[in-house]
Ligand SMILES: NC(=O)C1=CN([C@@H]2O[C@H](COP(=O)(O)OP(=O)(O)OC[C@H]3O[C@@H](n4cnc5c(N)ncnc54)[C@H](OP(=O)(O)O)[C@@H]3O)[C@@H](O)[C@H]2O)[C@@H](O)CC1
Ligand SMILES: Nc1ncnc2c1ncn2[C@@H]1O[C@H](COP(=O)(O)OP(=O)(O)O)[C@@H](O)[C@H]1O
Ligand SMILES: [K+]
């Protein structure tokens with residue numbers, strides 16, 4: 001269902017809302033519906049037999065109006081309700097009316113936010129998507145006080161202070177335990193800057209018609225399922241390469257009056273199930289299941305090559321070849337007896353200086369950069385340049401990205417016909433695109449970067465974002481700080497490589513497959529942390545749990 005995966009900006013939400021009102025839905029009815037459903041969710045989270053005293057922070061706009069309806073519903077059920085209304089004088093008409101009725105019912109107002117200090121929980125309805133500028137003065141002090149309390153806070157629509165579109169904090173923001181988002185997901189909730197404010201996210205369904213969100217040409221998941229088992233071609237045939245690797249005709253663009261084709265979607269479990277290279281064709285063989293080349297490692301960072309190998313192992317490609325400094329050959333073979341290992345020439349410091357005469361075009365995917373070390377930069381003509389000139393889908397990570405950051409290859413990358421996937425963390429992204437300011441609007445900046453470079457970029461962090469050429473954009477709404485540990489990214493690159501090697505890009509857009517891998521990587525981390533705590537998720541453990549995440553996802 002598109003409603004549960006699409007994300008919108010404040011302007012888009014306002015336009016959708018205006019259309020609904022102009023078609024006859026009364027404003028007050030939509031507010032009533034949203035707020036009553038939100039109040040039902042709140043009573044599930046905080047049942048009256050356990051939590052009696054509830055405080056509300058009521059703003060002057062319709063977020064405050066929602067709050068007053070919720071307050072009324074909880075009051076009528078028997079909760080002891082207190083309202084703190086700092087912008088009372090500015091209240092919009094509908095908000096004023098709800099306030100008048102709340103007062104008629106006898107719901108108490110308090111003068112200071114500190115008067116809510118004995119509440120069992122607090123509902124934050126100060127600002128929703130109407131917040132456009134920094135919160136200052138007394139309101140700022142109020143939020144500082146609130147964030148210092150140990151009282152759980154439920155934010156309605158968005159934590160007050162978070163910018164709906166960028167997720168940035170406008171001066172100060174409420175730290176919620178739960179955010180009940182109304183109608184459609186607001187994109188800012190999923191951006192890294194909002195992570196520590198939103199708490200657990202819940203979407204409150206308010207009946208926005210799907211017809212307002214669907215556009216012509218949207219691809220539906222049933223089409224994908226039918227096409228999932230394409231005809232098999234002989235390995236390495238020209239026809240197969242053309243089919244598999246060229247992506248020009250595939251995107252998920254849809255043209256809807258209110259929601260842009262570039263609006264990011266949240267990758268769902270159903271998307272993930274659909275995108276995995278499963279089930280296999282009964283008559284397949286190893287060369288039809290993806291032939292992956294991992295070019296990685298150095299004497300100094302041998303572990304990165306191993307972790308990429310463990311990641312690739314759980315990605316299941318039919319053939320995996322490592323091209324590593326020749327000194328690492330034995331180690332690699334001892335860990336991965338099923339892989340081919342090619343030793344490459346090295347400089348004294350143990351970094352790769354050439355790919356010798358590797359036939360790069362025979363692979364279905366190449367992952368480059370994990371643990372290769374910065375010194376490879378001096379040998380980029382013999383390493384990165386031939387890789388970029390190959391006609392194979394590429395994943396470039398770590399020091400591979402640092403070579404790209406020198407800026408010599410963007411033109412070559414732009415002209416590549418096969419997918420190029422870059423997997424920077426925030427620091428690497430900033431080095432790659434020093435002219436772009438990631439903290440301003442991380443999503444728009446990411447879109448710009450992937451469009452400019454004709455690539456798919458997976459931006460790593462507490463939230464994983466994916467953008468393919470600025471058009472197909474995905475949010476991975478899963479994450480665990482257990483992965484904040486050296487080597488987690490190497491596992492992801494190997495896993496991505498193995499899945500990409502098996503993917504027919506005529507069926508799935510690159511971005512969706514990349515987001516699928518990002519989702520399973522995080523889900524693996526979450527499952528691993530459940531059994532080993534957040535302290536126990538090293539890269540090898542993580543890779544085992546990525547496979548468990550695949551099993552669990554298919555079984556759910
Ligand atoms: N769309 C839907 O389907 C539904 C939407 N609904 C709800 O409506 C909410 C949006 O309501 P909204 O437009 O009234 O905006 P909201 O965020 O309440 O406040 C804006 C007010 O705050 C003020 N203000 C702004 N910044 C300020 C600052 N820094 N410091 C001080 N004041 C500041 C600004 O006044 P200004 O000073 O700018 O004139 C304005 O008056 C939405 O989030 C959802 O909860 C549901 O009811 C029904 C379904
Ligand atoms: N706080 C966090 N929450 C969720 N995921 C995280 C967090 N910190 C790191 N990660 C994930 O861990 C991985 C780290 O990658 P990276 O920084 O490249 O590590 P390395 O280079 O050491 O392998 C990324 O996939 C990132 O999304
Ligand atoms: K709010």
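Every residue gets a Cβ built from N, Cα and C, even glycine.
Among the features that TrEMBL reports, domain 'YjeF N-terminal' is placed at 13-214.
Look at TrEMBL and you will find 62-66, 128-134, 157, 304, 371, 425, 490 tagged as (6S)-NADPHX binding site. Under DSSP, residue 65 ((6S)-NADPHX binding site) is assigned to a helix (H, G or I) in the three-state scheme. In sequence order, 31, 35, 92, 94, 95, 98 are the residues near residue 65 ((6S)-NADPHX binding site), counting only same-chain partners six or more apart with C-beta under 8 A.
Sequence-distant contacts of residue 124 (K(+) binding site), defined by Cβ-Cβ distance under 8 angstroms and a gap of at least six in the same chain, are 57, 146, 153, 154, 155, 156, 159, 160, 174, 176. Sequence annotations record features per position, and here TrEMBL assigns K(+) binding site to 63, 124, 160.
What TrEMBL lists as compositional bias 'Basic and acidic residues' is 219-229 (among others).
The annotation region 'Disordered' is assigned in TrEMBL to 219-246.
Under the heading compositional bias 'Basic and acidic residues', TrEMBL lists 237-246 (among others).
Residues or ranges marked as domain 'YjeF C-terminal' by TrEMBL: 269-553. Looking just at the domain 'YjeF C-terminal' (269-553), the mean pLDDT is 96.
Under the three-state DSSP scheme, residue 464 (AMP binding site) falls in the strand class. In sequence order, 458, 475, 476, 479, 515, 518, 519, 521, 522 are the residues near residue 464 (AMP binding site), counting only same-chain partners six or more apart with C-beta under 8 A. As annotated by TrEMBL, AMP binding site applies to 460, 461, 462, 463, 464, 489.
The Cβ of residue 62 ((6S)-NADPHX binding site) has 27, 31, 92, 94, 95, 128, 130 as same-chain neighbours under 8 Å, each 6 or more residues away in sequence. When the alpha carbons of residue 132 ((6S)-NADPHX binding site) and residue 460 (AMP binding site) are compared, the span between them is 28 angstrom.
Proximity of the binding-site residues 425, 461, 462, 463, 464, 489 to ligand 1, judged by a Cβ distance under 6 angstroms to any of its atoms, singles out none of them.
For the recorded AMP site, residues 460, 461, 462, 463, 464, 489 set the reference point as the centre of their Cβ atoms, and the other residues of that chain within 8 Å of it by Cβ are 192, 425, 426, 459, 465, 476, 479, 518. Each of 57, 59, 64, 67, 125, 126, 127, 128, 155, 156, 157, 158, 159, 174 belongs to the same chain as 63, 124, 160, is absent from that list, and has a C-beta within 8 angstroms of the C-beta centroid marking the K(+) site. Residue 461 (AMP binding site) and residue 63 (K(+) binding site) have their C-alpha atoms 30 Å apart, to the nearest angstrom.
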